[in-house]
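Engineer: Annotations per TrEMBL:
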TRANSMEM  12-29  transmembrane segment
TRANSMEM  41-65  transmembrane segment
TRANSMEM  86-116  transmembrane segment
TRANSMEM  145-164  transmembrane segment
TRANSMEM  176-196  transmembrane segment
TRANSMEM  216-242  transmembrane segment
TRANSMEM  254-278  transmembrane segment
TRANSMEM  298-329  transmembrane segment
TRANSMEM  341-361  transmembrane segment
TRANSMEM  381-400  transmembrane segment
TRANSMEM  421-445  transmembrane segment
Amino acid sequence: MSDGRDQWKSKIGFILAAAGSAIGLGAVWKLPYVAGTSGGGAFFLIFLVFTLVLGTSLLLAEFVVGRKTQKPPIQAYKELAPGSVWHWLGVLGIISSCLILSFYSVVGGWIITYFVRSLTGSLTNPATGDYGSLFDSVISNHWEVGIAHLIFIIITILIVQGGIQKGIERASSIMMPALFIIFIVLVIRSLTLDGAMEGVTFFLQPDLSNVDGETILFALGQAFFSLSLGVSIMVTYSSYLGKQENLIRSASSIVSLSILIALLSGLAIFPGVFAFGLEPNDGPSLIFTVLPAVFSEMAFGSIFLSLFLLLLLFATLTSAFSLLEIVVSSTAKNNPKRRRIAAWIGGLSIFIIGIPSNLSYGLLSEWHLFGDIFFNQIDFLVSNILLPVGAFFISVFVPMKISRQDLKEELLRGSKLGTGFFETWLVVIRYITPLAILAAFLNVLGVW
Ligand code: PHE
């Protein structure tokens, strides 16, 4: 490109990286525990509907903004709505990304800790016995989890400071397919455990009598979280995308991949939960107690567990790259030296913000903020408030500030889909998305 900005080497590079941002702890760690605490099958069904309808439309909307302007979010919103306050939407995205990464990196650190411990085979050793308290014993080792947290952030910084292509693209194209394969092995093992079907029923059979306002808001937050929406990350990634690429095809690949991983992860976790008599409403520690139990029932279980954790670590890192990338690309533009400085200052500050989240499961477990531990409150604030708020304003911005003609041209370029698809998308983004988000908020506030 004439201004020397990096571009994706190939379309598949972009899809893999955007899918790499989407697929991570959201589907593998967060979805099972939120589903476990919010009604199982009913939650999953509502999550699916939100993902397919609102998620896909918003993903396309963020793509349109990024590809049209070829700029990172703040500059992109400025260009489309000069002299207005809309660029604050980009600032909101950066703040939300920092907060997400602050607890995301804590869980990334737990995965590193589990990976290192799995290498000795001790996690899957039947002598470990009580898998339920395994997590507590690992997590109470403050130095170990603290250092792992720091290592996770440093890896993220090192990759992001290297620039968009070399780092992110290369890493995602090998790790994602590998993760997928080992997930299938895991699901097969889970589904053949004694008592597995109870878990499948819990996860897939919707019992709508369990649904309340919170279930709906949580499902909405989960849908945005697991597609990396509402924080303008997809604006950032698509700003590196060539003009000729087909946005609709890219969006559908990303949404389908992300739903597939969410499904696989539910089918891997819940049969295990019920087969081992664990509790589905265990919260953020859920996968850390269930996975070792399931792998311990497998031939070469400890090797498979290590491999799984390693690949999950890569999936987590590709999401973390995107969270730091939005901070770096917004502050450093394309100057390599400034990129390096921004990556280090941003990354280390986010690490510091994450320390109370990390200690929430140990030293600070008694410290409650508005009735819950710090970790859960930050997660709640970001996933169920900031992401839906960001998504709301993006869905208002796009049809208001980009002309119908431009939207149509940008969205349909390279695609065989016609006006019918465009009109439907426009209705969803202009009316259905903002109204659904508003309704979900008002519902939780008990307005009706
Ligand atoms: N989508 C990522 C995941 O599911 C998390 C994420 C959320 C990343 C928002 C970027 C922005 O793990």
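Backbone N, Cα and C atoms are what each Cβ position is placed from, and that goes for glycine too.
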Engineer: Please figure out which one of 86-116, 176-196, 381-400 racks up the most CB pairs under 8 Å against the transmembrane segment (41-65).
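Structural biologist: By the under-8 Å Cβ criterion, the transmembrane segment (41-65) pairs most with 381-400.
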Engineer: Six or more residues beyond either end and a Cβ under 8 Å away: which residues meet both conditions relative to the transmembrane segment (12-29)?
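Structural biologist: Long-range Cβ neighbours of the transmembrane segment (12-29): 104, 107-108, 165, 168-169, 171-173, 175-176, 222, 225-228, 233-234, 237-238, 240-241, 245, 250, 253-254, 257-258, 261-262, 265, 284, 286-287, 312, 315-316, 318-322.
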Engineer: Are there residues at least 6 beyond the ends of the transmembrane segment (254-278) whose Cβ is under 8 Å from a Cβ of it, and what are they?
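Structural biologist: Beyond its ends, the transmembrane segment (254-278) has Cβ neighbours at 15, 18-19, 22-23, 27-28, 31-32, 35-36, 40, 44, 47-48, 51-52, 55-56, 59, 131-132, 180, 183-184, 186-187, 190-191, 193-200, 202-204, 226-227, 286-287, 289-291, 293-294.
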Engineer: At a threshold of under 8 Å on Cβ distances, which of 145-164, 298-329, 341-361, 381-400 pairs most often with the transmembrane segment (86-116)?
Structural biologist: 298-329
Engineer: Out of 298-329, 341-361, 381-400, 421-445, which stretch has the largest tally of CB pairs under 8 angstroms to the transmembrane segment (216-242)?
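Structural biologist: Between the stretches 298-329, 341-361, 381-400, 421-445, 381-400 has the largest tally.
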Engineer: Sort out for me which stretch, of 145-164, 381-400, 421-445, has the most Cβ pairs below 8 angstroms to the transmembrane segment (298-329).
Structural biologist: 145-164
Engineer: So which of 145-164, 381-400, 421-445 is most in touch with the transmembrane segment (341-361), counting Cβ pairs under 8 Å?
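Structural biologist: Per the Cβ under 8 Å count, 145-164.
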Engineer: In terms of Cβ proximity under 8 Å, which residues at least six beyond the ends of the transmembrane segment (381-400) contact it?
Structural biologist: 30, 54, 57-58, 61-62, 64-65, 77, 80-81, 86, 89, 92-93, 95-96, 99-100, 103, 217-218, 220-222, 224-225, 229-232, 407, 426, 429-430, 433-434, 437-438, 440-441
